[in-house]
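Notes for the one structure printed next.
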Amino acid sequence: MFYREAGDFKTSYVDDNQTFPIKFDRYRYYFVLFFAFLIVPVVINDYWVNAVFMPFLIYSIAAIGLNILVGYCGQVSLGTGGFMAVGAYACYKLMTSFPEVSIFFHVLLAGGVTALVGVAFGLPSLRIKGFYLAVATLAAQFFLVWLFNKVPWFYNHSASGQISAPERTVFGIAVTGPHTSAWATYLFCLVFVTICALLARNLTRGMQGRKWMAIRDMDIAAEIIGVDPLKSKLSAFAVSSFFIGVSGALFFSVYLGAVEVGEAFGINKSFLILFMVIIGGLGSIFGSFAGAAFLVLLPVLLKNVLVGMLGWPTDLAAHLEFMIVGAMIIIFLIAEPHGLAQLWRVAKEKLRLWPFPH
Amino acid sequence: MKMKLITAAVAALVAASPAMADLTFSSLSYRTGPYAANGIPFADGYADYFTLLNERDGGIGGEKINLVECETGYNTEKGVECYESTKGSGALVYQPLSTGITYQLIPKATADGIPVHSMGYGRTSAKNGKVFSNIFNYPANYWDGASVAIKHLLDINGGDISGKKIALVYHNSAYGKEPIRTLEELSKKHGYDLSLLPVDHPGQEQKSQWLQIRRERPDYVIMWGWGVMNQVAIQEAVNIRFPMENFIGIWWSGSENDVKPAGEAADGYKALTFHNVGSDYPLYEDIQDYVVDAGLAAGAGDQIGTVLYNRGLYAAMLAAEAAKTAQKIHGTSAITPAMMRDGMENLEMTEGKMTALGLPNFGPSFKVSCENHGGDGFGAVTQWDAKAGEWKMITDYMQSDQDVLAPLVAADSEAYAKENNITPGCN
């Protein structure tokens with residue numbers, strides 16, 4: 001009844017091409033932005049930001065980045081953890097070398113550095129496809145982790161090999177280091193998430209996105225109609241790695257504050273983010289958010305229900321958590337192989353006809 | 001339905017912090033994952049001691065103890081989640097049993113005014129309390145461990161190990177890298193050759209490292225391992241027929257669970273320790289009466305008297321003693337984390353105190369002060385007797401080489417102070 005195009009007249013091409021053509025969607029989007037930017041920061045506390053919101057926001061950026069590569073351009077990558085590590089270590093080196101520059105630019109620059117590294121490791125994609133490419137990116141994962149462990153310059157020769165984020169401020173408010181307030185770190189991450197999501201959404205709606213999708217659907221056909229595979233594949237690697245680098249930088253500097261490359265950016269991280277993309281839905285920005293929410297929030301929720309409310313032993317709860325999350329992944333993928341985003345799409349289609357479906 | 005689910009979900013997330021109790025202690029444990037074999041006995045010992053105090057004495061100073069356990073899986077992200085979720089309940093002290101999580105908590109806990117006790121792990125230079133006001137690592141730290149191991153080698157070689165080859169097999173993480181600097185400094189002093197063999201997390205794959213050991217034939221192997229890495233390393237050492245008495249593990253690589261999988265062949269393997277082994281103490285009778293027989297034992301209750309159980313018990317005992325000290329200083333039984341910090345800084349463990357607790361000769365005597373948060377660095381060597389199935393102390397407590405370590409601690413803590421704009425000092 002409310003969710004339909006009818007009656008929402010578009011009088012210009014700009015209106016016609018907007019991201020959310022349906023009025024209800026548009027208002028919902030404004031409401032989410034309003035809620036996230038103005039309501040949440042007022043009520044948020046340390047627990048919510050560190051256990052729920054920050055991991056969700058940061059993994060969302062990583063999932064958007066990987067979704068561009070895997071979902072939109074069809075290049076399977078298992079190097080996400082390694083690229084996040086590049087973002088984190090680039091951010092660390094920049095933070096400690098140029099303490100006077102705002103952390104905001106360091107995060108962006110860290111993304112830029114990761115984009116360059118991503119392009120370098122994307123070169124094999126011009127020759128190999130599918131699972132073989134996945135193995136080639138796996139090499140990136142192991143090589144990068146090894147590199148950051150091996151070369152002391154990356155961790156400023158600290159005895160433990162750990163990197164830890166010194167205090168940095170934005171407009172005089174600390175966003176990294178121990179003396180941060182919950183709302184500041186939350187807003188800092190939220191700004192990056194919003195920028196990244198807008199950028200990704202518009203890139204994928206435009207010519208670049210169409211080129212990526214053409215390559216994904218059939219690369220030979222795409223080449224015949226004039227899509228340059230070199231440029232499109234490498235640009236997908238660059239953009240994807242940029243997002244992943246930004247998320248890695250935030251993960252290290254704002255969220256954890258101290259990381260150890262093998263533990264924080266191991267192969268598990270690559271798989272985790274790939275699962276987010278697959279469960280959320282390949283080729284969907286909303287899916288990236290949904291997948292990140294599913295895999296970040298569900299374990300926390302289960303833990304709090306089983307241990308906090310039911311008072312079960314922690315080890316039993318931890319094991320059950322694995323089983324429940326695993327079972328839910330299987331159930332979701334059987335019920336809807338195209339991920340949570342497809343469920344959302346189907347729901348929207350039904351809403352359009354409601355309450356008079358034919 | 002959907003609405004109900006969402007409401008239930010929100011309620012569940014909100015309910016993360018349990019009800020306020022009188023004295024809350026948190027146990028960031030790990031009973032799952034590749035480090036569970038070592039995490040479980042420690043968590044059991046830690047929990048059982050507090051259960052004993054609750055059942056026998058009615059808590060500490062008349063205040064009941066509420067132990068909040070949180071599963072970290074030795075994972076730093078989960079560790080952060082655990083810290084944040086238990087912080088709200090007023091946890092007095094954190095003992096994360098993970099060097100990685102300790103590094104996370106050092107700045108956070110200091111900013112929140114909560115003490116952290118990283119007993120025999122964590123950041124070694126936290127010994128300097130002038131810089132690390134809220135971090136404690138008494139009674140011994142990694143650098144002490146490295147030094148005690150070298151001292152033991154000096155002892156069995158008549159004081160001269162120049163030209164000997166020593167290999168360090170270590171967990172490739174902040175934890176395993178800790179002793180490298182000390183071992184390098186000591187090699188300058190004693191003239192041995194040090195070779196470094198990192199093992200990546202979780203440590204199930206060590207064939208190449210041990211192949212290298214077989215090829216290079218070091219005289220001694222020192223190990224900084226944890227979890228499944230220990231069992232694999234000992235098995236690999238057996239496989240290449242490395243003489244077990246020349247293989248020394250840090251105190252985290254010397255529990256029953258580490259040596260038993262290798263069977264009889266592990267006989268003679270040595271490990272360091274900073275507290276006594278076995279269950280031949282009066283306190284264990286109380287544990288049997290008040291905890292085990294009452295059906296309150298933590299976990300499966302099958303770890304009592306093992307090395308890591310004893311260590312968990314020792315950690316809990318030191319925390320309880322610090323809480324008592326804090327209650328005495330501030331004249332109140334309901335202490336806050338800030339008061340707990342004062343209690344830890346003024347903690348004094350004497351032989352008389354330990355005997356009164358039913359743990360005679362269990363650990364070294366030491367006194368904590370603002371200048372020294374790390375105790376005196378006494379350690380001993382234990383050896384595994386596979387036939388009897390028990391660890392035996394084969395040396396007395398030895399003090400680490402303070403001449404070498406003190407400047408290293410000072411240098412590292414000063415670097416930290418500089419990085420984080422801390423003005424060292426006692427208040």
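Every residue number used here counts from 1 along the chain in the order it is shown.
Each Cβ is built from the backbone N, Cα and C atoms, and glycine gets one as well.
Over in TrEMBL, the protein carries these features:
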- A:27-44: transmembrane segment (TRANSMEM)
- A:50-69: transmembrane segment (TRANSMEM)
- A:101-123: transmembrane segment (TRANSMEM)
- A:130-148: transmembrane segment (TRANSMEM)
- A:183-200: transmembrane segment (TRANSMEM)
- A:236-259: transmembrane segment (TRANSMEM)
- A:271-296: transmembrane segment (TRANSMEM)
- A:316-335: transmembrane segment (TRANSMEM)
The transmembrane segment (A:236-259) versus listed stretches A:50-69, A:101-123, A:183-200: most Cβ pairs under 8 Å: A:101-123
Best-contacting stretch, by C-beta pairs under 8 Å, relative to the transmembrane segment (A:316-335) and drawn from A:50-69, A:101-123, A:130-148, A:183-200, A:271-296: A:271-296
Non-local residues, at least 6 beyond the ends, that sit with Cβ under 8 Å of the transmembrane segment (A:271-296): 52, 55-56, 59-60, 62-64, 66-67, 70-72, 77-78, 80-81, 197, 200-201, 204, 213, 216, 325, 329, 332-333, 338-342, 344
Feature contact check the transmembrane segment (A:130-148) with the transmembrane segment (A:50-69), CB under 8 Å, 3 or more pairs: no
Surrounding residues of the transmembrane segment (A:101-123) on its own chain - C-beta under 8 Å, 6+ positions past either end: 75, 79, 83, 86-88, 90-91, 94-95, 136-137, 139-140, 144, 168-170, 175-176, 188, 192, 233-234, 236-246, 248-250, 253
Distal contacts, the transmembrane segment (A:183-200) - CB-CB under 8 A, six or more residues away: 33, 36-37, 40-42, 44, 49, 53-54, 57-58, 60-61, 64-65, 67-68, 104, 107, 170, 173-175, 239, 243, 246, 250, 254-255, 285, 289
